[in-house]
Amino acid sequence: MESCCPNKCSSAPSKINCNIQRVSPPLELGEGPHWHQCTQSLYFVDLHKKKINKYHPETSCYTTATIDCCDPLTFIIPVDNQSNTFLVGLGPAIGIVRWNGCSNTAEYRYLKTVDKTPGNRLNDAKADASGRLWVGSMGPEIDDNSGQYHKCRGSLYSVDFDGTVTKRLPNISISNGMAWSPDNKFFYYIDTYKYAVEAYNFDLASGNISNGKVIFDFRCKNITGDPDGMTIDTDGNLWVACFNSNHIIKINPNTSSVLTTIEFPAYQITSAAFGGPNLDQLYVTTASYKTTDAQKSKLPYSGTLFRVLGTCSTGFNGVPVKINLCALN
């Protein structure tokens, strides 16, 4: 893996004043925000609580349902052309959930185990522009070392329409953020324990990725926190959530420069997605997971879903996953 670190390593991000709104009650570990164009709603999960959540901004309606499955429930993505149907991460497997978005319960069933390594589980997932699922995995928490995970135990996978699973990258520690450049020529990826954002050449037709290199190094840039989930805007800039910190940063992947930073009254920023009728609302998930009393006192809204207005950026609709559910029975 080639590493790229420009000479100007200590450039500080500029702070911008935005309208930051709390739009959900605090969760334990909010993750995986996905804007669904058809319902004009944001879907996301409370990972260890095994909850799926929906926020409809037009009505300010927030609903949640508990899935009685194995721990954890790691992502939720709508299935293309099937109403009230979602693909979810269930421990090391993917499953299907039927949910009307109103009830506090939902039906689910397992479809296929993706990572068969004992102790591993899935983490972040997204669909590329073709509807192909991309999902990464990670190893278990280290005994007697709370909050730390075994390194290089996970992988990055893609799952095609017919259910074929392809391992794209091995030796992943904590698979997290994914995004594709607006022209689909590059795939951006975060393995948290590398403390960097990587870029790969990407072929949409085959799903092949190649020529990986680091395009933004957290330690080189003196960025506080750990890189977690991310999204991309229509200008091609990446918005990277910083876990173990209270901010999200906007970076230019071509120049490796920090353009702006947004701070939140919360600790552990986990991910982000653009949404709203004009796709100019930035939704940011956070966590209260394993925060200390001092952190909770200083930043009391950890775990809340935030809506950010006034970023002067717009993003893309979340892509529903295209998958043949019958082929996975």
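We number each residue from 1, going along the chain as drawn.
Just so you know, glycine gets a Cβ as well, placed from its N, Cα and C.
Straight from TrEMBL, the features:
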{"type": "DOMAIN", "residues": "29-287", "note": "domain 'SMP-30/Gluconolactonase/LRE-like region'"}
{"type": "BINDING", "residues": "Glu31, Asn176, Asp228", "note": "divalent metal cation binding site"}
{"type": "BINDING", "residues": "Arg121, Asn123, Glu141", "note": "substrate binding site"}
{"type": "ACT_SITE", "residues": "Asp228", "note": "active site, proton donor/acceptor"}
Check: Closest of the binding-site residues to Asp228 (divalent metal cation binding site), Cα to Cα, picking from Arg121, Asn123, Glu141?
Finding: Asn123
Margin query: Quick check: which same-chain residues outside Glu31, Asn176, Asp228 lie with their CB within 8 A of the centre of the divalent metal cation site CB atoms?
Written below: Gly32, Asn123, Asp124, Gly177, Ile190, Thr192, Gly229, Ala241, Phe243, Thr270, Ser271
Check: At the level of the C-alpha atoms, what whole-angstrom distance separates Glu141 (substrate binding site) and Asn176 (divalent metal cation binding site)?
Finding: 16
Checklist line | Additional residues around substrate, ordered along the sequence, whose Cβ is within 8 Å of the centroid of Arg121, Asn123, Glu141 | finding: Pro72, Thr74, Asn120, Leu122, Ser137, Met138, Gly139, Pro140, Tyr149, Gly154, Ile174
Next item on the list: Please average pLDDT over the domain 'SMP-30/Gluconolactonase/LRE-like region' (29-287) for the predicted structure.
Entry: 96
Check: What is the total of other Cβ atoms whose distance to the Cβ of Glu141 (substrate binding site) is within 10 Å?
Finding: 13
Margin query: If I restrict to non-local contacts, at least six residues apart, and a C-beta distance under 8 angstroms, what lies near Glu31 (divalent metal cation binding site) in its own chain?
Written below: Phe44, Val45, Asp46, Leu47, Thr74, Phe75, Asp124, Gly229, Thr270, Ser271, Thr285, Ala287
